[in-house]
Amino acid sequence: MSQEKYIMAIDQGTTSSRAIIFNQKGEKVSSSQKEFPQIFPHAGWVEHNANQIWNSVQSVIAGAFIESSIKPSQIEAIGITNQRETTVVWDKKTGVPIYNAIVWQSRQTAPIAEQLKQDGHTKMIHEKTGLVIDAYFSATKIRWILDHVPGAQERAEKGELLFGTIDTWLVWKLTDGAVHVTDYSNAARTMLYNIKDLTWDDEILELLNIPKDMLPEVKSNSEIYGKTAAFHFYGGEVPISGMAGDQQAALFGQLAFEPGMVKNTYGTGSFIIMNTGDEMQLSSNNLLTTIGYGINGKVHYALEGSIFIAGSAIQWLRDGLKMIETSPESEQFALASTSDDEVYVVPAFTGLGAPYWDSNARGSVFGLTRGTSKEDFVKATLQSIAYQVRDVIDTMQVDSGIDIQQLRVDGGAAMNNMLMQFQADILGIDIARAKNLETTALGAAFLAGLAVGYWEDMDALKELNATGQLFKASMNESRKEKLYKGWKRAVKATQVFTQEEDADDDAK
């Protein structure tokens, strides 16, 4: 009797690593999770030790096997999904990183990004990479490491150093240095990759003086990249055959295969991605153009809007203001509110993301009266998440010319029914919550499984992650627009407040 086969997804996130084993029905059979330390050398800097990331991945692979009694030989293929943009540079011979991994949120390279803007490169970089110039992306992080580690530039030019985002680093480690690759979705977040020509861009590399020899080969999101070295996978030589950045993996896990399909992951922040098909559409409204996924010789482009504060606004109510004891409690408080929704919280704690990209804005509250209760405040904070999502969805409709009919949702805060209902109401469209909320890991598993024939084709996947619950809009049009206009006024006032503060500082 042949043993049952499975797919393993490695989900390497910002604060923890997970390994999840899925069966042929797309069900989670086993999982293991391990946190690793965050390093904050200075205010605004965020780094990771790349070896600690690797150790945590080794640990969770073992944990998933131990929990399930599944053997490495029963794993048909491995899919990898990862925190995007985070940058590792290591020695090609020894495999030792020459500096900590610089994490996507880290602002230490902001002066390099600022200089690129001042030198007038915004348009060129946007047209080639689909991105805005920002410290968020890998390009400035590589430049910073080459500038700050003695001798690094010279070693890079001699071909002694390799660069990779976390997907590349993990494949390199799992294959014991045999394979140096990345995938379309991760390459598209480096600010070095021409997403139209599908090549590393020589003009941008020259501008930043980054040697091309450092860069990994770019492959599709679903193909066999290499096999695990037996001693790194507990005796198994298993194909690594699926790879995607976390938000693109969630798009795939949500089965958003058609142009116009949109998913939103309500995590710490909120990441909204729309499949725009084989057309690369540059945003005129500060959304990012990126690659959703490339499979079977075809690339699917996407528009992306990032909201910095979503689930973390609920954590703020819990940890900062002590208004609630647990995050799920926010739903009961919001339902107990008797206000007429006249309170607005603008959670711009670290600035405003898409479509505003206002890094100076700070949080504010409007519409308070003597009658405002804790319940009203909690409700307004939850509603702020939904309002921000509408800001992005409205912008996507303008940029793409596509009428969005449904939003597919996942992530922790998607479990809040009150928030999902209000999201449906304020957008005026259906919200489809996935039955399996592990969409990021599932997306990586699907990509890996397709490459080795574990699942026959993309149609076979459509049965595997059906909608768990559908929330339909029930608010009347005039109320919906009145509430949203109030939100737009609150955002405007927030921005004016900071601008005036900046003007006061300049006058001193």
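For all residues, glycine too, the Cβ spot is worked out from N, Cα and C.
The ATP binding site annotation in Swiss-Prot covers Thr14, Thr15, Ser16, Thr268, Gly311, Gln315, Gly412, and the record cites sequence analysis as its basis. For the recorded site, Gly311 (ATP binding site), the DSSP three-state label reads helix.
Taking Cβ-Cβ distances under 8 Å and a sequence gap of 6 or more within the same chain, the neighbours of Tyr136 (sn-glycerol 3-phosphate binding site) are Glu85, Trp104, Gln105. Feature annotation from Swiss-Prot assigns sn-glycerol 3-phosphate binding site to Thr14, Arg84, Glu85, Tyr136, Asp246.
Per Swiss-Prot, ADP binding site is recorded for Thr14, Arg18, Thr268, Gly311, Gly412, Asn416, and the stated evidence type is sequence analysis. Sequence-distant neighbours of Gly412 (ATP binding site) (same chain, 6+ apart, CB under 8 A from its CB) are Tyr266, Gly267, Gly311, Ser327.
Annotation source Swiss-Prot lists glycerol binding site at Arg84, Glu85, Tyr136, Asp246, Gln247. Under the DSSP three-state reduction, Asp246 (sn-glycerol 3-phosphate binding site) is assigned to helix.
In three-state terms derived from DSSP, His232 (phosphohistidine) belongs to a helical segment. Of all Cβ atoms in the protein chains displayed, 17 besides its own lie within 10 Å of the Cβ of His232 (phosphohistidine). Feature annotation from Swiss-Prot assigns phosphohistidine to His232; the stated evidence is sequence analysis.
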Not counting Thr14, Arg84, Glu85, Tyr136, Asp246, residues with a CB within 8 A of the CB centroid of the sn-glycerol 3-phosphate site are Asn82, Gln83, Thr86, Val103, Trp104, Arg189, Gly245
Rounded to the nearest Å - Cα separation of Asp246 (sn-glycerol 3-phosphate binding site) and Thr268 (ATP binding site):
13
Cβ neighbour count within 10 Å, max among the binding-site residues Thr15, Gln247, Thr268, Gln315, Asn416, goes to Gln247
Which one is it, among the recorded positions Arg84, His232, Gln247, Asn416, that lies nearest to Gln315 (ATP binding site) by Cα separation?
Asn416
Roughly how many Å lie between the Cα atoms of Asn416 (ADP binding site) and His232 (phosphohistidine), rounded to a whole value?
40
Tell me, how many other CB atoms lie within 10 A of the CB of Glu85 (sn-glycerol 3-phosphate binding site), whichever protein chain they belong to?
24
Local Cβ density at Gly311 (ATP binding site) - other Cβ atoms counted within 10 Å
20
